[in-house]
Amino acid sequence: MEDGGLAACLSGCGLEAVVDIHCGNMDTTGPIGSQPGERASSCPQEGMPRPSDSSDLVQECLQQFKVTTTQLRQIQATLLCSMEQALKGHDSPAPSVRMLPTYVGSTPHGTEQGDFLVLELGATGASLRVLWVTLTGTKECSVEPKSQEFAIPREVMLGAGRQLFDFAARCLSEFLDAHPTENQDLKLGFNFSFPCHQTGLDRSTLISWTKGFRCSGVEGQDVVQLLREAIQRQGTYSIDVVAMVNDTVGTMMGCELGTRPCEVGLIADTGTNACYMEEARHVRALDEDRGRTCVSIEWGSFYDAEALGPVLSTFDHALDHDSLTPGAQRFEKMIGGLYLGELVRLVLVHLAQHGVLFGGCTSPALLSQGSILLEHVAEIEDPTTGTAHAHAILQDLGLSPQASDAELVKHVCAAVCTRAAQLCAAALAAVLSRLQHSREQQTLQVAVATGGRVFERHPRFRHTLKEMVMLLVPECDVSFIPSVDGGGRGVAMVTAVAARLAAHKHILEETLAPFQLDFEQLTVVQAQMREAMVRGLRGEASSLRMLPTYVRATPDGSERGDFLALDLGGTNFRVLLVRVAEGSVQITNQVYSIPESVTQGSGQQLFDHIVDCIVDFQQRHGLSGQSLPLGFTFSFPCKQLGLDQFSLTSGVILVSDVILVSDVILVSGVTLVSGVIPVSDVILVSDVILVSGVILVPGVILAPDVIFVSDVILESGVILVSDVILAPGVDLVSDVILVSGVILVSGVILVSGVILVSGVDLVSDVILVSDVILVSGVTLVSGVIPVSDVILAPGVDLVSDVILVSGVILVSGVILVSGVILVSGVDLVSDVILISDVILAPGGILLNWTKGFNASDCEGQDVVYLLREAIRRKQAVELNVVAIVNDTVGTMMSCGYDDPRCEMGLIVGTGTNACYMEELRNVAGVAGDSGRMCINMEWGAFGDDGSLGLLSTCFDASVDQASINPGKQRFEKMISGMYLGEIVRHILLHLTSLGVLFRGQKTQCLQTRDIFKTKFLSVIESDSLALRQVRAILEDLGLTLTSDDALMVLEVCQAVSRRAAQLCGAGVAAVVEKIRENRGLQELSVSVGVDGTLYKLHPHFSRLVSATVRKLAPHCTVTFLQSEDGSGKGAALVTAVACRLVQRARD
């Protein structure tokens, strides 16, 4: 109310306005609001005191309804504090607000359909309403609800509870009789607008009666059950009470969908209340971590002596004293429509009794409680017809008002209602502040659904409320949306949403059921993995390759020195300097990008780029001119049959103690026995046999059928053709040619230029020097030493103590036995076998590119040879490549340096793989029975034989078919981060097609391949992430979704990642159990080195893997260690261990 309007009113009444009157309690000369019959006279009696200044009295009355902005802010802050305390479960004997969960966890998304009954009790005071609501699922085709209102007799409102619910059941029957339906499955939403404690959507216990109801035997009882029993007693219709909803929740749920979410409901009707969507994790009573729930604040009971006490007037105290619930619902009694008319009546009585109004006269009606209603107040405040209405209403009350009386009554109504709107605004501001804070939004955009007769009938209430909300929470952008039909549609919507969510939940559970693996299924996977391991180790057909890595030991702590490491496995290439000292490993690294033009260009271009990076690194760190031992992590599929030799193909035999030096080439069919040392530039062709003690120097060529016995020395330039026999003690020097059939016995020396043709026998002590050619049929016995440029053709046998140096080529059928040394650059082709203590110089045949690489002329080639060729072209760097490893072995070695028990490596990132230390006796492809060797399982291909068929879902099949390698890497496609996101996407597409997600709308984003990355799954499943943040992540991907959608996406991600972790755990369990049984142990304690973004970044993956291993391998104590730079540090440690073993062999 404007002060100027009041001044004019008082002046018109002949009273001078007095301003700045202090608000305080009034001394009254008579009771406020006497009951009928308490006073016989309705006009002033003789001797009744008159006010000395009537204007003071009017001002003092109206001033009591003024609330300052400071007071409103204090109410806002106090109510917010009460809300937060109640959410945390800090109960008090008389809680200020209750913050009751309503178990409504979802707002409508506009597709709800069906016919629903609604029963409203308490929303409209002393009446009951029944509605038939038809939801069509579209805005374009809406159906007006049918409704019927039934007046509740006062004796029913104050009688027995059973009487009230029987009355409600009769009303339902009468309504259905008047509106026949063929639908036999009647679902009812129960709008029960009283404070209740809900324990479920259809379970609700009345806390206390309000709004004039006081039925016995109901408080503390489940009102839904009471209604069901009454319907059964009525027995005329079969009605299922699906949901219990109060009018506030119904108002929010019935809000028309707009551009912003409607997540607040506000009622100002007979009483007042509000509800809003709170994060479920903040509601202690729910014990839920995810999702949202609608909380009914029950702010009608709000009271705080410090905040609310100063704004309570004497009229508020009088109203409370005479109410059915003295001391309760103090806030509601200042706002609710049931009380606004009564407050106005009490003020009018007070002013009349003090001679300010109606000439000091009252009437029995004016003195009667409840004689002025909300409708009267609203009509009096009408800006156009208010004065006329005031006259009529006052006359109906038996009064004879003057014009000035009508104007003053209008000001009283305005004061009472303005205060109500302002208090309501302060409470709503507290709710909005709570929403903004909990969702961490700089500007909160939200729609508030409003309902109730105060909003509907009072001309200025909404406007006053909105203005004050803008003042109190300017950072909130609020739109107010009126309720369509008093909340009836919203109650039907709650019922419809509950039915929709139940149906969608069933579909979701059916869809995700195949991803829920039980113990028996995981046990089967473990057994299948174990069987595939055994078959692979035996060389039998298996989906597990079980490739020997020729890593025979993990670090023992004695490794020392500086090592270079190269790491190629993605779009970035790393060069590392690793300094291994006692108790520490220091790593210096440089990352170099590889342009797409290089990854997609020629192999020469790629390896030239790599060498340029190495040269740059050496220059940066002062390493130019040094030749440090180097380990090369080449994380692409390669075929490896030696520690530093990936280029071995089938049929090559290398026996124990063989050492291969640089540039030795061995072709299929070559046999090198123990003690053989091939030096640089030696070529050995097929069917050559070299026995122990033979030394081949650069330039020696051994053709087919040459036999070398021990202690033969062949130097550069010697050519031996088929059928030559070299016995012990023969020396062949340069330029000697031996043709087929020559026999050289011990003690023979052949110097440069000698040619021995077929049929020559050279026995003991023969010396063959440079340029010697030994052709087929040559036999070289013990002590033979072939030097540079030696060629050994097909059929050559090299027995013990033979040394082949750089440049040696051994073709098919070559056998290398113990003691043979083959150094860097050796090519070993088909039919070669490697036995114990073999050290192979680097090389590696690339099987196929992955990870976006497609450099030409590389697949099927020796990658170390390609690297050496690039180095030769550069002529600016020297490299001593000792080991070539994959990232899985590097991970095991990296962790093994810190924990000697680490005997397994595991990668779970973009791809997945595992390796472990196997007993050598179990490895069929490698000779020897003692010791251990690291086996690269290549377990990503597990199941390619169809063994995982029962666990594969239709979504796995879709992902597989769309991949670049259909039918391959089936295990990897169920575990690794490269594929999990795609599985999730296909599930979301399926659920969308069924209308379960995203309102059934398949967006372009959802149909975009690889939109879900591993990092999204990891972030979405984070325990620290609120659902709103999950929703924001998905919206950033272009998905328009509700909180329910976000919650279902979360469940899908959890199901897919849980299965991946369990399958991974089953694989680990198979490995550790095999290690335990290999060693005949009752209990095994072992560590697993792990790397990969999925394992490291996903919030639950590592825990699930560990839990699965504990269940499936109860006799194994497994510690998982996260690797520290397995690709770099691990490669350097493999190199360090290799150098240690070489040194030991030489010593």
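Including glycine, each Cβ sits where the backbone N, Cα and C put it.
What you are looking at is a predicted structure, and each value in this text was computed from that prediction instead of being measured.
What TrEMBL records for 29-55 is region 'Disordered'.
The annotation domain 'Hexokinase N-terminal' is assigned in TrEMBL to 58-256 (among others).
Per TrEMBL, the feature domain 'Hexokinase C-terminal' maps to 264-497 (among others).
For the domain 'Hexokinase N-terminal' (508-648), the DSSP-based tally of helix, strand and coil residues reads 50 helix, 42 strand, 49 coil. Positions annotated as domain 'Hexokinase N-terminal' by TrEMBL: 508-648 (among others).
What TrEMBL lists as transmembrane segment is 646-670 (among others).
Sequence annotations record features per position, and here TrEMBL assigns transmembrane segment to 682-701 (among others).
For 738-760 (among others), the entry in TrEMBL reads transmembrane segment.
Look at TrEMBL and you will find 766-786 (among others) tagged as transmembrane segment.
TrEMBL lists 798-822 (among others) with the feature transmembrane segment.
Look at TrEMBL and you will find 828-847 (among others) tagged as transmembrane segment.
Averaged across the domain 'Hexokinase N-terminal' (844-897), the predicted model reaches a pLDDT of 82. What TrEMBL lists as domain 'Hexokinase N-terminal' is 844-897 (among others).
The feature domain 'Hexokinase C-terminal' is assigned by TrEMBL to 903-1137 (among others).
With respect to Cβ pairs under 8 Å, the domain 'Hexokinase N-terminal' (508-648) is most closely packed against 903-1137, considering the stretches 58-256, 264-497, 844-897, 903-1137. The helix, strand and coil residue counts that DSSP assigns across the domain 'Hexokinase N-terminal' (844-897) are 23 helix, 11 strand, 20 coil.
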